Amino acid sequence: MVTMSAFFTSLVTSLVVFVILVILFSILSRRPSNAYIYYPNRILHGQEPPDLVKKAGVFTWIKEAYSATDAELVAMGGLDAWVYTYFFTTALEILLYSAVFCVVVLIPICVTSHNNAALNNVNNTYVKIDNLAMGNVPNKSAKLWAFLLAAFWVSFVTFYVLWKSYKRVSTFRIQDQTSAKVKPEQFAVLVRDIPKPEVHQTRSEQVDSYFRKLHPGTYEKCLVACDISKAEKLYLEIEKIKLKLEHAQAVYELSKGKGGDGVRPTHKTGFLGLVGAKVDSIDYYNEKLKELIPNLEKERTRALADEQQGAAFAFFSDRRSAAEASQVVHSPDALKWQVYAAPEPREVIWSNLAKPVPQRALRKAIVYVVVFLIILFFMIPILFISALTTLNNLETLLPFIKAIVKIKALTAVIQAFLPQLALIIFLALLPSLLMALSKAEGIPSKSHVARATSGKYFYFIVFNVFLGISIFGTIFASLAGFKQLIQSTGLTVSYVVKLFGQKLPPLASLFITYVALKFFIGYGLNLSRVVPLVIYHLKRKYLCKTEKEIQAAWAPGSLSYHTNVPNDMLIMTLALCYSVIAPLILVFAILYFLIGWLIVRNQVLNVYVPEWESGGRMWPHINNRILAALFVSQITMLGFFGVKEFPYTVLLIALPVMTVAFYFVCKLTFYPAFAHLPLAIASEEMKEIPSLASIVEAYTPACLLEGEQFEDAKFEDAQSNMTSRTNSGITSPA
């Protein structure tokens, strides 16, 4: 329960902070020296900083974000980024259509009812804002028919918008797949679980003979996966030393500009450069490179010859053949010769390619057990966060704050922000752990890891944040209520459900303030980029001496789908679950997705640089999570209508059944075209046919390909020696 003063304190303060951050953005983004923070994506696309800041204005970014076409968003951020922005469009449509009935019809019904006043005479649980919720309608009232119809309205609106959106995204994905841009992954497949070769065979010879027999005339050659962990470590160390050498040389050149012959930089070789012998930095790094580069050459040769693994990329003469190969069963033994559509070269996780099926299954089972335990374990801090929602509990648990609570202004601030801030900070700690767990499953691509992490994070949020705070927040709204529950001699399921139903509506105000805090503060910081701006200027002034160091200082990175999508889904879940119980939340959820729609489009156009591209594979995940949120909301409706003793609650049983049916219809209708490249698309003629050499090079790890020492390297050990046997236009490397 959040008091009216705390609610308005949170809302007004968040709005003020948001306005300040937007004003800061409008001022700072017009300075040429800040262009690398606010327009890095456009700069990388060839636009000059002076030209970018000249046209910048207070409302220019809003106009550009609003008027940007889908094609422009894809060109600047990729199809994955466009799919993410389209998620905001879909969410807005669902919430706006829902609000047409829920806000316009239900709120007046709630306001003209007086159930909360009667309950307050007993336990003083409700405040004025709770009168805008369904809890203010008396049990068994005929007015509940409107809320029942609203539950059906929200469900049907969601079905309609999701079907339309899935169809739209599918169409756009097809257009992207048939574009003139060459995609190496369309000519390759990933082969996993390759059995041990014959004694006289190498891995590449084994794969060549197998695929040449099954795909005569279209199979070209293969690239066998190797254990490159040691080579990659040496490669990264060499790249790090190269940067340090360039830095030392730049420092030396700058010292010459001050007169004289300059001062050669020195450093100590011990821990963090604080201890050990002092050496000439330039000479030291040159010597290290002379030592490490031959070591990398030896390790590369050894890995390619001795560390070949049971996985490979097989390349085909045309994309139709590759698409066919990825969709058929190759071996009568289901645990061998498993063939999948190849991920994009940039997103390959080489260390996971060769993990066999039994190990992957075991890893996945262990990971899900760990995630389940994490969900259970973190119920404890969630319980503590729930306790923070009331000052009465704070005074009981922390007696020393009684003096602070007496200050009314400070009390309002604590109630308005402390629970929400604690929840946001708490959730920020999880993504890295869940990402590591998803990678540990043996998933071969970064986009798949991001989707798996997003799914785990979403379920964690639903069970711990929404259900955890709802359940524990209702039961522990007062310590007396908890004691009543424990000491009750007639403790039954119906009693617990009744207690839950009575205390659920007051939590709507907590979630409304949470949504407001998220979009005002969160989006304000996202747009203003104050933290990256400060870090960039500090690094540029005190640390950066070379162009590469400056580029690294302003590099924005890509969209963090594994955290952004589930956090947005939490807002969607809250909105759908409370759309009928407390329709006011729809207003704030609409503001969240409306402001987010503008800011995310602006950031895609100007800031974020994609690190990989999956071709919009996130959309089925988004569609399913919205349906999961709708399913949770329908179950919530069933429970709450039951508490209201409405005799026609049984009609709501149809809604979760329809949601499950709609999920399967979408999966059968649209998902196959996301899982595989349709043959109808793969069969279309291409304007440009890539060379086999360029495709193989795209899939070759950087530690085996880049660098002056390796420009002329031939990877005969890992690549097959077959020449092209077709007239497809694809040729083998010279």
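Any Cβ shown, glycine's included, is placed from N, Cα and C.
Unlike curated records, TrEMBL annotations are generated automatically.
Feature annotations, courtesy of TrEMBL:
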- 6-164: domain 'CSC1/OSCA1-like N-terminal transmembrane' (DOMAIN)
- 186-352: domain 'CSC1/OSCA1-like cytosolic' (DOMAIN)
- 363-641: domain 'CSC1/OSCA1-like 7TM region' (DOMAIN)
- 6-28: transmembrane segment (TRANSMEM)
- 94-114: transmembrane segment (TRANSMEM)
- 144-163: transmembrane segment (TRANSMEM)
- 365-389: transmembrane segment (TRANSMEM)
- 409-437: transmembrane segment (TRANSMEM)
- 457-479: transmembrane segment (TRANSMEM)
- 508-525: transmembrane segment (TRANSMEM)
- 569-595: transmembrane segment (TRANSMEM)
- 626-643: transmembrane segment (TRANSMEM)
- 649-666: transmembrane segment (TRANSMEM)
Any contact, the transmembrane segment (144-163) to the transmembrane segment (569-595), with at least 3 Cβ pairs under 8 A: yes
In contact by Cβ distance (the transmembrane segment (569-595), the transmembrane segment (6-28); 3 or more pairs under 8 Å): no
Segment proximity, the transmembrane segment (649-666) to the transmembrane segment (569-595), 3 or more C-beta pairs under 8 Å: no
Whole-number mean of pLDDT values that fall within the domain 'CSC1/OSCA1-like 7TM region' (363-641): 78
